[in-house]
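Asker: Structure provided below as structure tokens; questions to follow.
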């Protein structure tokens, strides 16, 4: 790999498809609505918007071909060297010792041709942007590149035959079963995401939606009664749920976690197969998540917080490690490989007097929402009163979830938003900790505590809003190395 190499020619098609996704809305406007919105005389002028758009597409394809021709990569002097650009030549040299991992993915364009997309991750990369990206190279070239970098880092022997005989031990930590995949897809809870995406797409054409006609038809539908409308809503939600099941199935199909040397290698996906490598020393914390749907069945998921990287598995910078697993099986699966973490810590719960604080805050939220609904939709807004029992149950669930444990150099914090989260953090990975007390909490001898770890370019925080003040002082004193911490603030 010492001679400069180009990416596979399919790179042009791949980049064009990605760009075309961004051009879908302009395409619809120009080809469907263009004639109605732009009044131009003559056969040629009437087609001008469409012709300009086609000209732009041809220009886009041409620029991508030039970009592909001018892009080369090679390995030289323990560096990955990338050169690109037509008028201004850009050179990027990435030393092997800076490369944390090579993340591989295969889309439906890559797979038939035996190609992969390679993302080069360094300690400085984060968010959604990798340090460098090879859009389409042969799978064997990607494997060879991984081996060259690994051998250089480990100072493997120069003799090729001797190096080939040394194969790192590979352990399969987890592989999702068909039953687990079906359960995961059915309980993914992404129906709301599907509905939001659909509405966002529809509102792109707000100027063309005949609202008056729609409202008139809605009034006609209301005459059919509540049962008919409820049936329509149920069908819409069912379709959204089916789509969410398909999305989850495609995303987590063949989900496998392997441990090779000091790295975790995560592969997943049906249409687009992704491979993500996480060095163990980059793991900042582990989070066990139990959703209201899965928790009654004893199932949970495990995610990890990684410093740097470009993971987008979750809406934050977390990365899914175990998408679905029995809660009591987690110590047996991960305990052997992540020996720095204790998964069976006995948590100390929040005191009984904290329960009314959790429930009071939620009831205030329900009161505000009900008041607003009643003001705008009298008297139907009074149905918002149903939020009060929901708020009380939510507050009680948060109270029951709150707990903590300190074990040597590990802090475990359990809290609930909608889902219950148990965050396991090593002391040397905690970036900051905050303890606070409000006037109302002080009267009840309560306090709040939060701890955050690095996650991608940002941070991930665990917070318990109401704990015994002495417990908060103990947690804060453990972290701040103060032998006697007697006051918060």
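In case you wondered, yes, glycine gets a Cβ from its N, Cα and C as well.
All annotation found in TrEMBL is predicted automatically rather than curated by experts.
Because the structure is a prediction, the values reported are computed rather than measured.
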Asker: Do you know which of 156-180, 181-205, 256-280, 281-305 TrEMBL annotates as transmembrane segment?
Answerer: 181-205
Asker: May I ask you to indicate which of 320-338, 339-357, 358-376 is given in TrEMBL as transmembrane segment?
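Answerer: Range annotated as transmembrane segment by TrEMBL: 358-376.
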Asker: Let me know the model's mean pLDDT on the domain 'YdbS-like PH' (399-479).
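Answerer: Overall, the domain 'YdbS-like PH' (399-479) comes to a mean pLDDT of 93.
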Asker: For a three-state summary based on DSSP, what are the helix, strand and coil counts in the domain 'YdbS-like PH' (261-327)?
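Answerer: When I sort the residues of the domain 'YdbS-like PH' (261-327) into the three classes, I find 7 helix, 39 strand, 21 coil.
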